[in-house]
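Visitor: There's a structure below that I have some questions on.
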Amino acid sequence: MPADASTAGEIIAFLTLLDIPPKILTKCLAVEEDVSVPKPKKVLDTVMNPAYIPPEEKRGSYWKKSAATTLKAKLQETKNINKAKNGIMFIGDGMSLATVMAARTYGGQVERGLGEDNILEFETFPVTGLARTYCIDAQVPDSACTATSYLTGVKTKYGVIGLDGNVTRGACHPQLHENNWATSIGQWALDNGLDVGIVTTTRVTHASPAGMYAHTSERNWESDADIPDECLSLGCRDIAYQLIMNNPGRQFKVIMGGGRKEFFPNTTSLLLNSTGLRLDGLDLAEKWHEDKVEKNATHQYVTDRAELLKVFNSDDLPEYLLGLFNDDHMEYHMKAHNEPTLEEMVEVAIKMLSRSEKGYFLFVEGGRIDHAHHDSYARLALDETVEYAKAVRKARTLTDESETLIVVSSDHAHTMTVAGYPSRGNDILGAVDTAKGFDDKPYTTISYANGKATSIAADGRVDVTLQDRFINGALDYSYPSLVPLDSETHGGEDVAVFALGPWQHLFTASYEQNVVPHLMAYAMCLTEDKHDNCKRHRHFWTSSGEHNKPNVFSYVLSISAVIISFTFNF
């Protein structure tokens, strides 16, 4: 016998306190709010079958109170126009808005919740905007032109890094002319005496991190083995070489990610039963070491999680850190062995860079969201996004929003969609529970406009619910796509920008992606156009946003210093 709806709601609310998952609750207690609901005739008349609805959500007063709480918090916000001593830019490569929604739901369901009401860390940031991502020659961008955009403030052509639009992709001559170079916010920070670091889960020579230091007309020139002989003879240098041998890369205090093979000769055996790629015989890790010895600077090269944590736990951190944790890209989080997580790398980077009295700029990329999408591996893409959000949370807990500006965004979107009419709490990675297609076969909530999976067989659309890999949740299961391709493509829609810290209010509205580094640079006083607080001691201003109210203790210390200086001079 089904229980009365109101009674059932009270019972479920009580049992929830016992930490019994909602899906199990509904199997133990059938709740029928209206037993006379007729069978729907149209898709839009679909009857939902949620695993569980929190009883309080059924009352209009709950939602009115929730909205009032949000409004009150909004009204209490004040502008923080402090000088941003530090800046941290997070890029979730390929993190579309659909990916954010699906990852939020996935993360909540992993924690045994319904999922939809879960919130990723950066979604709690007070300011959000939208960035337009096209290249100057492409409607849908790649990670090279977008990295140039959000790191140098200059839009460029598809496949090009750190150069303006006067170049032709793959042409060497334009790469050699410094007038075509677009310098990054990392360079701007160094020019102002700040420390700089990069952290990524991809190869450190991949398109996104390369935007911090490289100038190349071809994003694929990661080692000298990738460059045509005629370009080598003209003096074009590969991305790995530029990172280690040229400014600004050789000045970075922290470099962490994958890509060992780009740094070693093809005669050198590496850790994962592979060899280096370089044909010029250079051992760039050794060159990095020699440069730091010449600078008389302490430094450490690490290759796995254990070595990194040893450095982190040391009482005497090195001045420079190079971490290459995989011969290629770092492994997906769900497959990794003895590789640090993105969260751990961010924690080490902030600990090292925070020693700078003048401040720092840190670039962080969750790069494997993109790679999972390219293979239509939705489960891995969502997990990588959740891990990325954990890294943002770690950065937030380790910094003070009165002096550190954190900006979270993506370089571009993907073709993944979240569609159908699944019930609340339905497995985000599962099949829609309320309906089937006209062919009487189930379909998944998540699918791709194009991608690796073949969705149409000789007998019609593939029924994924009959496939063992789908049923068992295989990590590398490719979700259905409409257009079969060897690799799923990027999407062209806008990406979200989330901001927290000094001058966060600048990041509202819709704008070109190349505006992002200019906004950060203004907040950090890295540009010629400086706001009033660039010239004032940062401790005079409070973290509550009351930027015109002096900190009395700092004021007294400053006055004392003036008196002492005057006394000695006298």
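Positions of Cβ are set from backbone N, Cα and C atoms, glycine also.
Heads up, TrEMBL stuff is auto-annotated, nobody curated it.
When I checked TrEMBL for this same protein, it listed these features:
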{"type": "BINDING", "residues": "Asp93, His206, Ser208, Glu365", "note": "Mg(2+) binding site"}
{"type": "BINDING", "residues": "Asp93, Asp370, His374, Asp411, His412, His490", "note": "Zn(2+) binding site"}
{"type": "ACT_SITE", "residues": "Ser143", "note": "active site, phosphoserine intermediate"}
Visitor: Just the number: how many Å between the Cα atoms of Asp93 (Mg(2+) binding site) and His374 (Zn(2+) binding site)?
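Guide: Distance between the two Cα atoms comes out at 11 Å.
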Visitor: Given the recorded positions Ser143, His374, Asp411, which lie close to Ser208 (Mg(2+) binding site), meaning Cα to Cα within 10 A?
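Guide: Hits: Ser143, Asp411.
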Visitor: To test your reading of the Zn(2+) site: which residues beyond Asp93, Asp370, His374, Asp411, His412, His490, same chain only, put their Cβ within 8 Å of the Cβ centroid of those residues?
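Guide: The surrounding set, listed in chain order, is Gly94, Asp142, Ser143, Ile369, His373, Ser410, Ala413, His414.
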Visitor: If you count CB neighbours within 10 Å, which one among the recorded positions Ser143, Ser208 has the smallest count?
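Guide: Across Ser143, Ser208, these recorded positions, the one with fewest Cβ atoms within 10 Å is Ser143.
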Visitor: Could you check which of the recorded positions Ser143, His374, Asp411, His490 is the closest Cα neighbour of His206 (Mg(2+) binding site)?
Guide: Ser143
Visitor: In whole Å, how far does the CA atom of Asp411 (Zn(2+) binding site) lie from that of Ser143 (active site, phosphoserine intermediate)?
Guide: 6
